[in-house]
């Protein structure tokens, strides 16, 4: 089979490439450039991020060491249009967006995958910790969780278009991270011990405030109020806060621990409450993407953040809106984040959280 492999320059995609070669596939590596090299060089990078100049150099070295052709693909324009600009707009709307999910849908498993397949490849592969398997229950190929529960990345694939699943290969999904590193070492791949990417690639210093400043947006301080309207402190700019957050709030008076419950951009206000106020019995989500056919009402488990515990729920679908009711209240349902739905280890799809239901 002819397989185009997304090679980031990290150990995961390097091993995916290596495994596909061992299986006898005809492979070519493709590397995405999402930002100009100068962007990374002038930033104070606190943690390892993807798509940097050093990643490009590593990707080229990996491909050469394995005897594979590599092509650098410029996705900067579509990345800004589909990821950076919506991220910025959502922050100013008071949301907490997940740019990695949007990148996967529109760029990596969108524009980039389309480009690779247009070159005559039968499949598109990446180093994601997830699996693609045929489901007898749903009668088609589905995405399943990776066997390494700590590294499972299926959540970030919740909104890719369902037709693409037939064309996907995730060789790493049956391995743990430790096994992947061991395979890399045994194969002599030089990035076997390379640090994992941590922050959003276009915010390499981890600062939302600096990102907005670079985009020409100056934040204004505002009031922190309780649900009853009592002013208890001030914030540095509402886009810097998210539902459930406690640290970073300038609370000047109050007896109990307070958490962000809501942001009101129109009045530049952050609303806080006690812990009970940031637990929700359900949520409303919009713009769902379903990987399988489902009834209007079904039971499943729902994850509202990458590291959130999965919550059993009843889901009701009405056109482009999804109502989710949990068996018991969960912490910090955050507008802008993704609600991913699972049937055991099968990913059913995902939707964008509009609001939490108290």
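Counting starts with 1 at the first residue shown.
For all residues, glycine too, the Cβ spot is worked out from N, Cα and C.
On a predicted model such as this, the values are computed, not experimentally measured, just so you know.
The Cβ neighbour count for residue 6 (ATP binding site), using a 10 Å radius over every protein chain in view, is 23. What Swiss-Prot lists as ATP binding site is 6, 7, 8, 9, 10, 11, 12, 13, 32, 127.
Under the heading active site, nucleophile, Swiss-Prot lists 103, citing sequence analysis as support. Shown in sequence order, 34, 79, 82, 83 are the residues of the chain, 6+ apart in sequence, with a C-beta less than 8 angstroms from the C-beta of residue 103 (active site, nucleophile).
Other Cβ atoms within 10 Å of the Cβ of residue 128 (site 'Interaction with tRNA') number 28 in total over all chains. Feature annotation from Swiss-Prot assigns site 'Interaction with tRNA' to 128 (among others).
Taken from Swiss-Prot, the feature active site, cysteine persulfide intermediate covers 201.
Annotated site 'Interaction with tRNA' per Swiss-Prot: 337 (among others), in sequence order. Residue 337 (site 'Interaction with tRNA') has a Cβ environment of 24 other Cβ atoms inside 10 Å.
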- prompt: Roughly how many Å separate the Cα of residue 337 (site 'Interaction with tRNA') from that of residue 201 (active site, cysteine persulfide intermediate), to the nearest whole number?
  reply: 18
Statement: All chains considered, the count of other Cβ atoms within 10 Å of the Cβ of residue 8 (ATP binding site) is 25
Field: Winner by Cβ contact number (other Cβ atoms within 10 Å) across the recorded positions 32, 201
entry: 32
- request: From the recorded positions 6, 8, 12, 32, 201, pick the residue whose C-alpha lies nearest to the C-alpha of residue 128 (site 'Interaction with tRNA').
  value: 12
- prompt: Which chain-mates of residue 12 (ATP binding site) that are at least 6 residues away have a CB under 8 A from its CB, listed by sequence?
  reply: 127, 128, 129, 172, 180
Field: Residues near residue 10 (ATP binding site) in space but at least six apart in sequence (CB under 8 A)
entry: 50, 55, 58, 127, 191, 194, 196, 197
